[in-house]
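Reviewing the structure listed below.
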Number of protein chains: 2
Amino acid sequence: MVVDRLKQVASHVSGQTGPPHPLDPLSEAEIAQAVAIVRKEHSGLFFNAVTLWEPRKAQMLAWLADPKTAPRPVRTADIVALGLGSKVYDGTVDLEAEKIVSWKLTENVQPLITMEDLQVVEAIVRKDPRVIEQCGIIGIPPEDMHKVYCDPWTIGYDERFGNKIRLQQAFVYYRPNPDDCQYTYPLDFLPIFNTETHEIIHIDIPPVRRPLNKAPPINYHAEAIEKEGGFRDDLKPINITQPEGVSFKVDGRIIDWQKWKVHIGFNYREGLVLSNITFNDKGTERPVFWRLSLAEMVVPYGNPEHPHPRKHAFDLGEYGAGYMTNSLTLGCDCKGAIHYMDAAFVNRAGEATSIKNAICIHEEDAGILFKHTDFRDESCTVTRARKLVISQIFTAANYEYCVYWIFHQDGTIQLEVKLTGILNTYPMNPGEDLHGWGTEVYPGVNAHNHQHLFCMRVDPNVDGPNNTVFEVDATRGPGEVGSQENYHGNAFYAKKTKLATAGESKREYDGSTSRTWEMVNPNKINPYSHKPVSYKLVSREVPGLLPKEGGLVWRRAGFARHAIHVTKYSDDQIHPAGRHVPQTSGTPSHGLPAWIAANPAENIDNTDIVLWHTFGLTHFPAPEDFPIMPAEPMTLLLRPRNFFTSNPCMDIRPSHSSTPTAVAKGQAVAVGDPASRLVGGGECCAK
Amino acid sequence: MVVDRLKQVASHVSGQTGPPHPLDPLSEAEIAQAVAIVRKEHSGLFFNAVTLWEPRKAQMLAWLADPKTAPRPVRTADIVALGLGSKVYDGTVDLEAEKIVSWKLTENVQPLITMEDLQVVEAIVRKDPRVIEQCGIIGIPPEDMHKVYCDPWTIGYDERFGNKIRLQQAFVYYRPNPDDCQYTYPLDFLPIFNTETHEIIHIDIPPVRRPLNKAPPINYHAEAIEKEGGFRDDLKPINITQPEGVSFKVDGRIIDWQKWKVHIGFNYREGLVLSNITFNDKGTERPVFWRLSLAEMVVPYGNPEHPHPRKHAFDLGEYGAGYMTNSLTLGCDCKGAIHYMDAAFVNRAGEATSIKNAICIHEEDAGILFKHTDFRDESCTVTRARKLVISQIFTAANYEYCVYWIFHQDGTIQLEVKLTGILNTYPMNPGEDLHGWGTEVYPGVNAHNHQHLFCMRVDPNVDGPNNTVFEVDATRGPGEVGSQENYHGNAFYAKKTKLATAGESKREYDGSTSRTWEMVNPNKINPYSHKPVSYKLVSREVPGLLPKEGGLVWRRAGFARHAIHVTKYSDDQIHPAGRHVPQTSGTPSHGLPAWIAANPAENIDNTDIVLWHTFGLTHFPAPEDFPIMPAEPMTLLLRPRNFFTSNPCMDIRPSHSSTPTAVAKGQAVAVGDPASRLVGGGECCAK
Ligand SMILES: [Co+2]
Ligand SMILES: [Co+2]
């Protein structure tokens, strides 16, 4: 059997024995096999995506519950292919039966733009006579066309061109020298590129022209800094080592760390996917989340002047957080003791390729986990925290997004996103009034206002799949000051509002009530608090979508209209802006708005649900962000509330612990940290 | 001269040569000297506080500008002393002229409760016949009174007792065994204690009685965990070392690190005080903040039932973040290469004492500082971040507050506060309805809803003292969707509203506009962006004060009524709830409300101003928080915006840097991190 042979290949590559876990991404061998199966029946195809068709949840849960008897989910590939004439095919392939399960021509859609699609544009732009003409108008002579660069983006949606032709728009730049930062020299016109025919079909030209920026280059790479005066020399090394090894175990793609178990998946679209997350509570593996991922994002820009209103990007749905992911390097991106995982993809030609070190897994010290000192006698227990970080970094043209899924020993899961990279820029004339839509971050460089809005898909599994979401608001109690029931006016409580139907689940953030959302299991009551077990979403960076209702971004990025949506689980609802995002008009809106509109009365109480949360930030650029932006962090927490019966991490050995009795006797239990040192000499308390 | 001799002593202790910096806390010798000077003229005094009377700002700035010619600010002590009959004296003493400068009897106030005041209560409570009687009623026999413990708090304010008598209220607990956590066994009555006469003057008894909890102990100290099944054994050490030393320099109490300079002060009340913070911008030491501190906090509890409405604590104003600060231990509280500073205080008897290792100063790796990869050729620069952490931990009876002032290389200052320790608890009867005011966190243990609200005092000095605060709201642009000016509805901008007078500076947080506040210097314009230089307060944990307008906490904690207040600088306005906080009725409100009400039209535009920011969180307890709470973090940022002309940290040596030209030639500049390792073997890229 071919499958057996492929399994052997896969196990050789991954060091894994036995068949892949049903949630493992497709291996290179499996991708190649899927393509071969398709090719047997269909010719003339290019491949846009070949990825794991995730097992249906019901089947997967049945298998996990009884892996010996229940049928093992079949390895299946989910395929997007392109035929001539911008034809799009969606299909699935059974890799075990070696057959196509489904195959269809999908009309009026454009699948995402791959790195290969992006790479092809620049050379063609440089040669296009109309581009050369435009360059001439703003001061670039024809012999300098090799100094013109472009960052292609999907076109988003432009009503002039619709969605029949697969388009990119080319943000064009100039580099005086190949090593100069091109974002200092944005050009003022925008070629539109036909991805299939490799032609420039149109150029958007602004009403007011802006000649090439004359400001000197500003660069951040090492050679430039050496030339500018060199590096500071007062930063001493800091070493982080784990001489006895790491505290996590890796079994295939399942990580076992500090009572957590999590399967680490990865796909071209969402990048990291964490599945079947459980926490071992005193010997019982309690399910917490079935699946967590960043499922979509949108970056709307705030300049209403032509040709900018169209400028917005769905970095996941239009390009793919997997496809754009960085190959990470030890000691640079990742410090300490690092475990990497690679990521396999298909290319346009149907070959399997891999990005090495796509995922970084490591532990960090996380400061104090808990501490208390008894003021009477100074008896004290202090325990330090550790965290496990599962991360990737992806580059979306000018920007980088660093995504950290962080597991804490107290049962908290944290998502941290850091923004770095370079601002998208546009030229400006000297003294030009930017009307508040952007900032001159460097002479002649206008960086437009924009938002980074991420949609986190949370499939809760809080002690089982049947969960309910409550909105929780810190609320003043009834009774005026001076009344008997509330004499000093100090009463307050957590007001909990059940979200019972999908239609009523579209909720906003409210900072004034410190609003959170609890995912509870109403069938499982905490024996102490008598409240249902829950995980609480604590998210404070929730700016809301600024583009107006009815406008282009509002229509296309329906998921971003509200901080929260809740839907009944469906195997097919992964992508909140739809399966194929480029060149959607937003009329109708795909994804979340459509799913909910189809049945707004759908019950989401005590059933298998998915919570979609849009968070992010609004970015008003400043010169500090240029020419490369110091990382700007944003974070959210998923915290256990009434889930455990007590602090679940008291069995971590404290650094220091003394009881009143021990203090009286002059004894204390201290482990300390033999590696710590006083500046100027001196070792740890425990020595 | 005595002063010279004292300077010698001080320099011997601190390793410092020359006189102390004018902002240095008083040394032990100076405290002793101050007490001696007072004692020469006044007898029969006990001491509540002897601390640095900070130099008047104008004088201090003049001296800093011209230290050779301008008069050096005189070392002066600020004194609070207690005479018999609860008499309170406020005075200042010139330590150089060795004389009392001011001295007055202050009527109708109570200065804070010191650790000595707190320590005295328990023994008296145990012997009081009425307490013994109450214990008997709830099931504690007289022979077990040694098992009764109490956490004394100030009384806050109780109209039955006013403020003539110095009072404490005793939260009473029981310990089956001296090493058991008492918060599992709260008692239901509250003795009121006269701090001067050492008598119980009253006992508050609830209408419904609650016998002693019968639940088994739950403990977190090492002995208990060993007994309960022991510690997890799968956590491997993680070592953080700086073999070549730290990257900061210490000159007295001035720290010089990565272009930052900051003077580290400390007092009994605010704890850490950071002064004269500057950032070296390409050779120019630019002032950023004159002074930063946590100036006050309040913890209101949300149960309106007698005797709880009175329950709230001003941990700084009523006890002192300095007095309650922990002596930190290397390798336990602090990991890596650590520099400590001690803190000196007066005791009741007028003797100087010190808390060793009160302040921890250390560096940490901080992940990626910035990164960008060119998707064309994979040329890439990645630079890692470092941060400097200046921290203290203080224990307020049951709670601990870990305070981290964090300096980043990009010019950002971060304040992080972690809450840990133990919940304040109250007994409950089996099955008792808690009415939403608390949670049963363990059988028989009711933890009440509460807030932790901190007031950060920010004295900006953004390129000089004359600053203005603008409120900044992310705002949709004008023009409906479809209009010519805003066709796609995508326009948005940063709406900036000047706070021109103290009266109009009382502002709330608005999460829906991602509201921030910019402290700008309107006299200094960024040459690129043409916007005034500024530092922006980014704070997202701003729950607002839940106790109602007109109620006790609202009246007493005036600073907490609004997220922001701005006042014109005054040397005397340090404490936003007033100089003496215990037993204030809030009628009138002291501190901020009084200062602003005195002159609401006071100009705060382009003058020396102070911004007061109240942030924090609302805590609805859960069993996870018991018996000891995993640290709950909250954070805020002070970020440079339009302050620099570019990213100010590009001269930090990257871990990896390659230009397109270098990539083409197969070259790259990599420093990497020789200590990093792959799990299972393998070293850094740079090797
Ligand atoms: Co941005
Ligand atoms: Co709390």
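Even glycines carry a Cβ here, placed using N, Cα and C.
As recorded in TrEMBL:
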type     : residues  : note
DOMAIN   : B:21-104  : domain 'Copper amine oxidase N2-terminal'
DOMAIN   : B:111-212 : domain 'Copper amine oxidase N3-terminal'
DOMAIN   : B:238-650 : domain 'Copper amine oxidase catalytic'
ACT_SITE : B:Asp315  : active site, proton acceptor
ACT_SITE : B:Tyr399  : active site, schiff-base intermediate with substrate
MOD_RES  : B:Tyr399  : 2',4',5'-topaquinone
For the residue listed as 'active site, schiff-base intermediate with substrate', the three-state class that DSSP assigns: strand
Summary of DSSP states over the domain 'Copper amine oxidase N3-terminal' (B:111-212), given as helix, strand and coil counts: 31 helix, 27 strand, 44 coil
Structural state census, the domain 'Copper amine oxidase N2-terminal' (B:21-104) (DSSP three-state): 23 helix, 29 strand, 32 coil
Neighbouring C-beta atoms (10 Å sphere around the C-beta of B:Tyr399 (active site, schiff-base intermediate with substrate)): 21
Per DSSP, three-state class assigned to B:Asp315 (active site, proton acceptor): helix
Segment-level pLDDT (mean, integer) for the domain 'Copper amine oxidase N2-terminal' (B:21-104): 97
